[in-house]
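**Student:** Quick paste from Swiss-Prot:
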DOMAIN    2-142  domain 'Globin'
MOD_RES   SER4  phosphoserine
MOD_RES   LYS8  N6-succinyllysine
MOD_RES   LYS12  N6-succinyllysine
MOD_RES   LYS17  N6-succinyllysine
MOD_RES   LYS17  N6-acetyllysine
MOD_RES   LYS41  N6-succinyllysine
BINDING   HIS59  O2 binding site
BINDING   HIS88  heme b binding site
MOD_RES   SER103  phosphoserine
MOD_RES   SER125  phosphoserine
MOD_RES   SER132  phosphoserine
MOD_RES   THR135  phosphothreonine
MOD_RES   THR138  phosphothreonine
MOD_RES   SER139  phosphoserine
Amino acid sequence: MVLSPTDKSNVKATWAKIGNHGAEYGAEALERMFMNFPSTKTYFPHFDLGHDSAQVKGHGKKVADALTKAVGHMDNLLDALSDLSDLHAHKLRVDPANFKLLSHCLLVTLALHLPAEFTPSVHASLDKFLASVSTVLTSKYR
């Protein structure tokens, strides 16, 4: 999926507003995913998945850091996320459908925390961006 200049601008502007809340929002999105899509818990059998879990917060930071990297490399997501794609496809063997679920939960989380910024245009741009990231993360499954 090709991101237009407007999409890229919307994503960068929104990500800048997230500021130092990335880890917090990442953890909140994961917690939301675990509550609403319980099958996703199977990939974290060693985690305490309770509210305010340090392990979920730590993984939320990893998610946020990966997305921050992706925001900085929107023109070359394939190279920027190649290692993560390998990890999820070959070592962790995450069901590719879970990326869409997490993307949805991230969008909900961002809409809740940034209601003024979450216009229909920004929503569409973030959705396209997260779909592009998901496509890259599942590219090594084939």
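Positions of Cβ are set from backbone N, Cα and C atoms, glycine also.
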**Student:** Spatially, which candidate from the recorded positions LYS12, LYS17, HIS59, SER125, SER132 is nearest to SER139 (phosphoserine), comparing Cα atoms?
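**Tutor:** So, spelling it out, the nearest of the recorded positions is SER132.
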**Student:** Going by C-alpha distance, which of the recorded positions LYS41, HIS59, SER125, THR138 is nearest to LYS12 (N6-succinyllysine)?
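**Tutor:** Of the recorded positions LYS41, HIS59, SER125, THR138, SER125 has its Cα closest to that of LYS12 (N6-succinyllysine).
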**Student:** Can you break down the domain 'Globin' (2-142) into helix, strand and coil residue counts using DSSP?
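**Tutor:** Taking the domain 'Globin' (2-142) as a whole: 112 helix, 0 strand, 29 coil.
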**Student:** In the structure shown, with every protein chain counted, which of the recorded positions LYS12, HIS88 has the densest set of Cβ atoms within 10 angstroms of its Cβ?
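**Tutor:** That would be HIS88, with the highest Cβ count within 10 Å.
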**Student:** Which Cβ among the modified residues (SER4, SER103, THR138, SER139) has the fewest C-beta neighbours inside 10 Å?
**Tutor:** SER4
**Student:** Between the residue listed as 'O2 binding site' and LYS41 (N6-succinyllysine), how many Å separate their Cα atoms?
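**Tutor:** One finds 13 Å between the Cα atoms of these residues.
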**Student:** Which chain-mates of LYS17 (N6-succinyllysine) that are at least 6 residues away have a CB under 8 A from its CB, listed by sequence?
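**Tutor:** Listed in sequence order: LEU114, GLU117.
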**Student:** Nearest by CA distance to SER4 (phosphoserine): which of the recorded positions is it, out of LYS41, HIS88, SER103, SER132, THR138?
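**Tutor:** Nearest in space to SER4 (phosphoserine), counting only the recorded positions, is SER132.
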**Student:** With every protein chain in view, what's the tally of Cβ atoms within 10 Å of the Cβ of LYS41 (N6-succinyllysine), excluding that atom itself?
**Tutor:** 13
